[in-house]
Ligand SMILES: C[C@H](N)C(=O)N[C@H](CCC(=O)O)C(=O)O
Ligand SMILES: [Mg+2]
């Protein structure tokens, strides 16, 4: 099964409501899609999200990375020697994790097709069904209460609340949400780097004292501030999850050696796809640290790949794969079945897509 072509296209999906974090506001998913074609007529699909404020990857940079650096390395290689293909892909250029992720995902789709099995089974086959949280954007407290109640009405049992805009207001937000939804729903929070270390310690202790029962806090401080992250981890009881601080297996190793966080958030757009995400799973297993699998603003294509990984690995115990649930439409047939909080993995080979619209690849 030899790679004969790699095509790059675009997918655009309006969100149900604007997505707001401490870092950005977005109204629609505007991602890059990739199609890897083989001499046997097989096709693998992937997707990249240009999340410049987190990964540094813009739309133009992703397209350039794939067309100029990745594609010339891969044409003619055989999926049968998958390790060689992965080595060439991940060695093709530095950084550019989102562009690498799109191609890595499409190649894993082909790997599954080559071996005629769904990817999650080839990677471990731990479970066929996973349960995701849903994200509540940072807004005025009343709007966040309304959005939280809507999410609970849709069946979600875990909400990930975006904070990090203003510590005093964040406290108000969390108190109002907890009061409205009660204690049967789990609450995790994501500050997206919005607090300073001492500010984070102060607000998190207040949340503990107020009995808000926060499951964990995601990325309270700046991504590069490993010492600040450790200071927070050492000084609060709420578990700390490293998100923007961990892109590569090397980052994961450093964070875990320092004991700077209690949990790690794996996202394919940060790791450059499944190949390196598997290494982070192994490192985390070695340290006995559980992982979350997360996503950027991604549609069903790349979130299906993340769901296959989550279904394969027991160390992934927390799921934040709500990209498709935030979308107003789903233009892709097949892949994982997203039924609100329940994600069911497909039994078809590879990632299991049935139809990815050809229009995505008409680049006029
Ligand atoms: C969509 C997902 N639940 C999420 O919250 N991801 C963010 C980053 C998303 C973005 O800005 O595209 C995160 O975990 O920080
Ligand atoms: Mg996060």
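Note that Cβ sites are derived from N, Cα and C of the backbone, with glycine treated the same way.
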Could you look at 172, 213, 215, 218 and say which one TrEMBL places alongside 190, 243 in the Mg(2+) site? 218
Name the one residue among 2, 160, 270 that TrEMBL lists for the same substrate site as 24, 135, 295, 297, 320, 322. 160
Within the domain 'Mandelate racemase/muconate lactonizing enzyme C-terminal' (141-239), how many residues are helix, strand or coil going by DSSP? 51 helix, 15 strand, 33 coil
Given the recorded positions 135, 162, 218, return the subset with CB under 6 A from an atom of ligand 2, ordered by sequence, or none if empty. 218
Other CB atoms, at most 10 A from the CB of residue 24 (substrate binding site): 13
Residue from 218, 297, 320, 322 whose C-alpha is spatially nearest that of residue 162 (active site, proton acceptor), among the binding-site residues: 218
Can you give me the same-chain residues 6 or more apart in sequence from residue 322 (substrate binding site) with a CB-CB distance under 8 Å? 132, 133, 134, 135, 160, 295
